[in-house]
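**Q** Please find one structure pasted underneath; my questions will follow.
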């Protein structure tokens, strides 16, 4: 009996040692910045993730379309209008995050004493190349994101994105004033011109009232943006047991005191891994400082922030997008009216380029990606199969495509997110009659007045 127990203990210890060695050795596997291999934790990068890691078929061919992911109406229907609301492409970190990354890099170089291969590589080969003036600017990869998206949309909607529509002003470009959005829009235009083999003047209009509505919604700014208590659940999670364990494991790997590692430290390390990959397609040594469980915790922390700051956490988050919601349906109504009167369409395609903060509240207003149980600081373990995953919803170049079709039975509407069909909540048909869509969102169409919902109640 004793012999059997000893044998069992030895077996368990052996496997623990092997597992530990495998993780530690992983720091030397794929750690060279010259090797382009997708990090094992890339799927957890959240809003810092690549578009092609959501649509993996694009990894081999950035111009391919996947018809199996889209539900179309009857072949007797014809597309008559497209509105595309798009997040900007891949960008540099903000200056605030660059500062956090620099501080963590300095700590590693100065204080870390671990003998991991990846740590040695960080100290001897990797240099802190991010500078404050990069501050959220679009990178070359981000321009490519939008050029390729434009070319794919030509394939998706060949009767709408046409030379005739472009030359006759029926294709409109609208953008946020932020440089990353303006440059994304310019890149989209380049892709459009290349795909159609034309050169036409097509100037984007800057409209922050639509694309940065959140800045102009006083109630949102007061109750959420400038209110620390609005993100209390995020703070609690960052101080909770799951994040504490990630911090302890990071300190152990670096062989630094636990007090040296904060939630900002591990976030900075996670950003270093994510940005090296999304910007330069590199599986950097920073990625080897996290295992899968660590990455899941980091992803949840990011999702919690998006949930409470931009989505279902507070009612004003989604209501702040009322102006964009009404802009969309007003345009669709105009198209339907023109079709019904046999008039010429004034807008075949409208492309609006903004931010993750532009898209996420609107998707929330439409009641999409809503879990039965709200995300909180205490339910990480039970939310592993959640619907709300910001990396799947709003990666770089995320897009909401709203399409109107003229069918024998009337006008139908289709919606796609990131080139995949969406079934709107409460509507069984993936391409419902447009009037049924309006009935579903009647309360919002009749209310949801931007001035009213954003007004601060001082009483």
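Just so you know, glycine gets a Cβ as well, placed from its N, Cα and C.
From a predicted model like this one, the values you see are computed outputs, not experimental measurements.
Marked as transmembrane segment by TrEMBL: 5-23. The annotation disulfide bond is assigned in TrEMBL to 77-407, 273-287.
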**Q** Taking only same-chain residues 6+ apart in sequence, whose CB is under 8 Å from that of residue 77 (disulfide bond), what do you get?
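**A** For residue 77 (disulfide bond), the qualifying residues are 405, 406, 407, 408, 412.
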**Q** Within 10 Å of each Cβ, count the other Cβ atoms and name the one among the disulfide-bonded residues 273, 407 with the highest count.
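**A** Neighbour-count leader: 273.
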**Q** Return the residues near residue 287 (disulfide bond), defined as same-chain residues 6+ apart in sequence whose C-beta is under 8 angstroms from its C-beta, sorted by sequence, else 'none'.
**A** 39, 40, 41, 273, 276, 277
